[in-house]
Amino acid sequence: MDAFATSPTSALIKAVNCIAHVTPMAGEDSSENRRASNYKPSTWDYEFLQSLATSHNTVQEKHMKMAEKLKEEVKSMIKGQMEPVAKLELINIVQRLGLKYRFESEIKEELFSLYKDGTDAWWVDNLHATALRFRLLRENGIFVPQDVFETFKDKSGKFKSQLCKDVRGLLSLYEASYLGWEGEDLLDEAKKFSTTNLNNVKESISSNTLGRLVKHALNLPLHWSAARYEARWFIDEYEKEENVNPNLLKYAKLDFNIVQSIHQGELGNLARWWVETGLDKLSFVRNTLMQNFMWGCAMVFEPQYGKVRDAAVKQASLIAMVDDVYDVYGSLEELEIFTDIVDRWDITGIDKLPRNISMILLTMFNTANQIGYDLLRDRGFNGIPHIAQAWATLCKKYLKEAKWYHSGYKPTLEEYLENGLVSISFVLSLVTAYLQTETLENLTYESAAYVNSVPPLVRYSGLLNRLYNDLGTSSAEIARGDTLKSIQCYMTQTGATEEAAREHIKGLVHEAWKGMNKCLFEQTPFAEPFVGFNVNTVRGSQFFYQHGDGYAVTESWTKDLSLSVLIHPIPLNEED
């Protein structure tokens, strides 16, 4: 189906209409001229996914009413009188349950009140309180200096040895240390100290609850976790606690299921779109719709951003296919033609491409133009030039990597990363999300062009996404014949072993996070939710690539989480 069959956007840009006859290039179907991608077929049943559009988990009206009532109760809890440490712990639980977005203003108001409180006796000698206060304030945009931890060091400048026995304090210090900036050496020391000591005691912690929290944190710190994924885990964990607040737990479950129901409807519509494009029948490229929807929920899960998710998932699904064309399937001549067409944003010359590649190209054009039309209709802003520019820049980066491969050129790590932080493709998703969410008073041609120029916040996001991708996919992609990745570039450049190269890249990840953390506090033309989109795309990558390539290959851990986050609602007690 042509997205522009009846669209008025043709006045803005030449409409892309379905082409009845695409002249195939000689040898189009000749497998000996193509490298094999060896991708496994999708394990998801697309008929089932499509059915979610109409038969998804419908939340009962009584549960909606109950959720509204409980929401007011939780709001009263947050604003109620209690000891400062208890207030911090409540806010921490609310956030981990995935409810921060429901109480954003109340949480910030309470935290600011605690920040302005001149009394420090309640936290200054309490490692848990100091670290929890530090993390929650920084997470919510209130700067706290690192030297609040100086009081926990001895005369020699090291963390006091007796802190090794304070497991809860160590855990809070560990989580706080991940919000550090470049140059904050004390937080680097805190990260090393807490990590070492938590690893030493993790198997001997007497409290089962605390032990599980420690192991979970060592596997993935909170600051690197996607909120929606973390909420699903923590709801189950919170239910096991001795001092669980039953109404808070009930509200978390209800809200999770309500949002899940909305996501299911979106996923069903996207699955239908995907099947209608016909691209699901192309065997030489990845079919990644489900993974991309999970990624979309990591980027932004809140119900009001359905259009952002829809555009992000469609673009990401097409990006995966275009990436495969450049990396594996297309000849250099075809890639030159493809890039030129995208750069001109004009399909003249498409008849020089094979039918399979033309289908992908036309779907890309139609989808981008439809997103542009929706922006014009809903926001009165022509976003097509900016979306087209992002696609063109991405394809040029892909082409450079293809030329490296075909010529046998081996880039330095720095050269590779400069290209790779854009070729990882998230600039396109971020540009589109910016166009969809920036306030109309601030949305201008110049501001959108600035996002496309890859400013520092977007740059750190791209760099981290690239590094995580390479750590998880490097070996498999080299086996498929892809261009060298950062690990191989470093090995070639320095003579390091693969193990040493991986450690170096992991070090770059930590440093890039520090840069990202600082960007969150610097003066910037960006505001929420766009700032959050940049951080959250990285958290999605961290999840998919932490144990290998959970994106290209649907591994057990990604499928299990997808089922629990998107398909299966959280069971409620019978009285609920």
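Yeah, the Cβs are placed from backbone N, Cα and C, and that goes for glycine too.
What Swiss-Prot records for this protein:
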BINDING   R286, D323, D327, R466, N469  (2E,6E)-farnesyl diphosphate binding site
BINDING   D323, D327  Mg(2+) 1 binding site
BINDING   D323, D327  Mg(2+) 2 binding site
BINDING   N469, T473, E477  Mg(2+) 3 binding site
MOTIF     323-327  motif 'DDXXD motif'
Next on the checklist: Just to verify: the residue among R286, R466 with the fewest other Cβ atoms within 10 Å, which of the binding-site residues is it?
Outcome noted: R286
Checklist entry - When DSSP states are folded down to helix, strand and coil, where does R286 ((2E,6E)-farnesyl diphosphate binding site) land? => result coil
Item to check | Chain-internal residues near N469 ((2E,6E)-farnesyl diphosphate binding site), provided their CB is under 8 angstroms and they sit 6+ positions away | outcome: I424, S541, Y545
Checklist outcome for this item: Taking only the CA atoms, the spacing between R466 ((2E,6E)-farnesyl diphosphate binding site) and T473 (Mg(2+) 3 binding site), expressed in whole angstrom, is 10
Checklist entry - Distance between T473 (Mg(2+) 3 binding site) and R286 ((2E,6E)-farnesyl diphosphate binding site) at the Cα atoms, whole Å? => result 14
Checklist entry - How many neighbouring Cβ atoms, not counting its own, are there within 10 Å of the Cβ of D327 ((2E,6E)-farnesyl diphosphate binding site)? => result 22
Item to check | Within the predicted model, mean pLDDT of the motif 'DDXXD motif' (323-327) | outcome: 93
Checklist entry - With DSSP, how much of the motif 'DDXXD motif' (323-327) is helix, how much strand and how much coil, in residues? => result 5 helix, 0 strand, 0 coil
Item to check | Where N469 ((2E,6E)-farnesyl diphosphate binding site) sits in the secondary structure, as DSSP reduces it to three classes | outcome: helix
Item to check | Maximum Cα-Cα separation (Å), residues R286, D323, D327, R466, N469 listed as binding (2E,6E)-farnesyl diphosphate | outcome: 19
